[in-house]
Amino acid sequence: MTSVVVVGTQWGDEGKGKITDFLSADAEVIARYQGGDNAGHTIVIDGKKFKLHLIPSGIFFPQKISVIGNGVVVNPKSLVKELAYLHDEGVTTDNLRISDRAHVILPYHIQLDQLQEDAKGDNKIGTTIKGIGPAYMDKAARVGIRIADLLDKDIFAERLRINLAEKNRLFEKMYDSTPLDFDAIFEEYYAYGQEIKQYVTDTSVILNDALDAGKRVLFEGAQGVMLDIDQGTYPFVTSSNPVAGGVTIGSGVGPSKINKVVGVCKAYTSRVGDGPFPTELFDEVGERIREVGHEYGTTTGRPRRVGWFDSVVMRHSRRVSGITNLSLNSIDVLSGLDTVKICVAYDLDGERIDHYPASLEQLKRCKPIYEELPGWQEDITGVRSLDELPENARNYVRRVGELVGVRISTFSVGPGREQTNILESVWASI
């Protein structure tokens, strides 16, 4: 039994797709356990970029099984579109498996997402308007429609009719919005269900059988710990649990079967949307990092907010997700800066604190306490070992590991597979 969980340790966009793709080379099964098509990851293979939102990164390995687990909320329209995109690129999807227990995102979820966000005015949380939150709301309220229901024509019609009647009343009476048509949704989405039917199964059986047989299973999280609905910057969070604990709920695999948790982070920090961000940069350094790092959302295209590396955030992520190994990405983006900074603690009303407050009001008053390190001017994109890094870059990497309290297993100096450098094999250490 060998399993590794990959989680984002910041606010998403840390390069999880790249690291998952890298670790997938030694895995036999790759599974997603939460989120939906609000999560975007970019994978570079032989210089070619692939952008995925729902399908696991392991799909590019045809001999390996890729799983969309029960904790994922699936937009069938987006899924069918993504499958077509992969087929057009010559990528087979015969190795894809989709949980019959996963919940379905329907047009009324997306419309409700938009209406709710608009109604918040200045208090918007920055949702991607993909219907993720409303779909998880229906799931928690026990009125959601699952993939298994979507495939059964009569059950789908019955449940869609009940749900749509309720949502349309909400649209008309509360939001003064246009109701949606039952027939149009039913025909379109039932057809999508038939298109994906071949991939649908009980994925918990596949995952547990693989683990019991001693196969290597890799679990891929979406978003990041700081967007976790329980452990993140609530309410500026997603509606699921990206933390490693979400694996057990979102995949049907027990906690005793998890061996390693790899936390993925960038050498700086970024986030899309609103919410607290203590180390955010508003100056020319921030603009430079954004442009050099191509910090624009994979899903939304929105410019990401950027800031210095925050070890307070990282220690929080380490605690709540049980991180055993760290993968540090995008070190190359910091090349050319005379000085690089790391937030080591916060100043809250004159008191130094080392933990991440739950209170948004306290977070607004938190000022980062920085440790400054000398930067490096060299181009490091061709570096293939820690020793090849300039001394100042090497010191930066080591200091990050010390402050977070987790050993660094890999570091990356660019988006390509070949630009990921191994310090310690995660699989070999299990």
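Glycine is treated like the rest: Cβ placed from N, Cα and C.
Quantities reported herein were computed from a predicted structural model and do not represent experimental measurements.
The GTP binding site feature in Swiss-Prot is assigned to 12-18, 40-42, ARG304, 330-332, 412-414. Take the CB of GLY15 (GTP binding site) and look out to 10 A: across all protein chains shown you find 22 other CB atoms.
Within the same chain, the residues at least 6 positions away from ARG302 (IMP binding site) whose Cβ sits under 8 Å from its Cβ are VAL272, GLY273, TYR296, listed in sequence order. Positions annotated as IMP binding site by Swiss-Prot, on the basis of sequence analysis: ASP13, GLU14, GLY15, LYS16, ASN38, ALA39, GLY40, HIS41, THR128, ARG142, GLN223, THR238, ARG302.
In the three-state DSSP assignment, the secondary structure recorded for GLY40 (IMP binding site) is coil. Swiss-Prot lists ASP13, GLY40 with the feature Mg(2+) binding site, giving sequence analysis as the kind of evidence.
According to its DSSP assignment, ASP13 (IMP binding site) is coil. Residues or ranges marked as active site, proton acceptor by Swiss-Prot: ASP13.
The feature active site, proton donor is assigned by Swiss-Prot to HIS41. Counting every protein chain shown, the number of other Cβ atoms lying within 10 Å of the Cβ of HIS41 (active site, proton donor) is 26.
Annotation for ARG304 (substrate binding site): spatial neighbours ASP13, SER270, ARG271, VAL272, ARG290, GLU295, TYR296, GLY297, criterion Cβ-Cβ under 8 Å with sequence separation of six or more. Residues or ranges marked as substrate binding site in Swiss-Prot (evidence: sequence analysis): THR298, THR299, THR300, GLY301, ARG302, PRO303, ARG304.
Annotation: GLY12 carries the greatest number of neighbouring Cβ atoms among the binding-site residues GLY12, GLY40, GLY301, PRO303 [cut-off 10 Å, Cβ to Cβ]. Within 10 Å of GLY12 (GTP binding site), judged by CA to CA distance, lies none of the binding-site residues ASN38, THR128, THR300, GLY301, PRO303.
Its own atom aside, the Cβ of GLN223 (IMP binding site) has 27 Cβ atoms within 10 angstroms in the protein chains shown. The Cβ of LYS18 (GTP binding site) has 25 neighbouring Cβ atoms from other residues within 10 Å, across all protein chains displayed. Closest to GLY15 (GTP binding site) in space, going by CA atoms and restricting to the recorded positions GLY40, HIS41, THR128, GLN223, PRO303, is HIS41. In the three-state DSSP classification, VAL413 (GTP binding site) falls within coil. With respect to their backbone Cα atoms, HIS41 (active site, proton donor) and LYS18 (GTP binding site) stand 8 Å from each other.
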